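These notes are about the structure you will find just below.
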Amino acid sequence: MLTASNTKAPEQTKVIVGMSGGVDSSVSAYLLKEQGYQVEGLFMKNWEEDDTDEYCAASQDLEDAQAICDKLDIKLHTINFATEYWDNVFEYFLAEYKAGRTPNPDIMCNKEIKFKAFLEFACEDLGADYIATGHYVQRELRDNSWKMIRGLDNNKDQSYFLYTLDEAQLAHTLFPVGHIEKPEVRAIAEKAGLITHNKKDSTGICFIGERKFKDFLGQYLPAQPGIIESAEGVAVGHHDGLMYHTLGQRKGLRIGGLADAGEEPWYVVEKDLLRNVLIVGQGHNHPRLFSKGLIANQLHWVDRKALTSSIQCTVKTRYRQEDVSCTVTPITDSATEEYQIDFTEQQSSVTPGQSVVFYKDDVCLGGGIIDTLIR
């Protein structure tokens, strides 16, 4: 159980930093140590990889995290959250793909592992006052409540991935690099002699690493090959499984050499689950790529106050997208909590299973899962 937010001086305040072996968490630990906090690190193992797996960098990440903690003269704890990860993140990931949707496991990992399992373990078992992570996001106390604020570095802002956090979690979390731009973070690391200063940022889904996504997913879900049809209903190719494709996808469709097809590239515009057919259209302005709105469910508001009437705000339907103005309206006749989002301008490649995240200026209000599109 989380207690009231800490008011002790830094030297009396214990902070457990989630150490990933990357530069952002390294600098987070360094800055907190410089500010006088009692700092310890914690490395989470969330995936039971095959020891012979040449693609997995977990052991190198642990080695780097240990080297940073040794350099800073702080203790490094390690913990295995693989069971929690499998039950709460990976099974969700598989279920969504099986349902023909495109999930974002990083958001679920933040919700279930980093800001639930890790936060509870740090506070309850290690006696922490706070946890800290290397996320590019800020928190601010406004009107006596904690708000999630976009990271200063607009190119690295990670509030999109953290919309499930609530005020209690924000009250117990520090984001030491949220007010710093990425190049400066690397400069701080280099000046401090941290070996991660030039380490490449991790990309892709954590449990897949550098492996090919198609090969990995095929180990867990049986592929169901089928036909690719044009939006006009003409067969134009074959797919290896709908789960390997997402709306707006252009690459890897293997469509070509069709008479009278023209030169414009093909894009995925829909997935027909009942017929196991992938539907494609030509050109990035194909009308079936666009939506004027969406229905979202599984909503999380940072203040945990559900809407009772419409609001005007801005929204992102994918990471690093420019904000889009919209109206958010609760659907009162729905059996589950659902919201209708109407864009002021039509949006391309909005994808069911991905997250829609709401903003008011620099404040992240919350978000939810895209369920259906309004065209």
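Cβ atoms are placed via backbone N, Cα and C, with glycine included.
For Cys109, the entry in Swiss-Prot reads active site, nucleophile, with the evidence type sequence analysis. Classification of Cys109 (active site, nucleophile) by DSSP places it within a helix.
If you look up Swiss-Prot, you'll see Cys206 marked as active site, cysteine persulfide intermediate, on the strength of sequence analysis.
Taking the Cβ of Met44 (ATP binding site) as centre and 10 Å as the limit, one finds 26 other Cβ atoms among all the protein chains shown. Marked as ATP binding site by Swiss-Prot on the basis of sequence analysis: Gly18, Met19, Ser20, Gly21, Gly22, Val23, Asp24, Ser25, Met44, Gly134.
Annotated disulfide bond per Swiss-Prot: Cys109-Cys206, in sequence order, evidence recorded as sequence analysis.
Look at Swiss-Prot and you will find His135 (among others) tagged as site 'Interaction with tRNA', backed by sequence analysis. Annotation for His135 (site 'Interaction with tRNA'): spatial neighbours Asp24, Gly151, Gln158, Phe161, Leu162, Phe175, Val177, Gly178, criterion Cβ-Cβ under 8 Å with sequence separation of six or more. Following the DSSP three-state reduction, the secondary structure of His135 (site 'Interaction with tRNA') is coil.
Here Swiss-Prot flags Gln354 (among others) as site 'Interaction with tRNA'. Taking Cβ-Cβ distances under 8 Å and a sequence separation of 6 or more, the neighbours of Gln354 (site 'Interaction with tRNA') in its chain are Thr102, Pro103, Asn104, Thr317, Arg318, Ile369, Ile370. Under the DSSP three-state reduction, Gln354 (site 'Interaction with tRNA') is assigned to coil, being neither helix nor strand.
The distance from the Cα of Met44 (ATP binding site) to the Cα of Cys109 (active site, nucleophile) comes to 12 Å. If you take the Cα of Cys109 (active site, nucleophile) and the Cα of Gly18 (ATP binding site), they are about 13 angstrom apart, rounded to a whole number. Following the DSSP three-state reduction, the secondary structure of Gly22 (ATP binding site) is coil. Within 10 Å of the Cβ of Cys109 (active site, nucleophile) there are 24 other Cβ atoms, across all protein chains.
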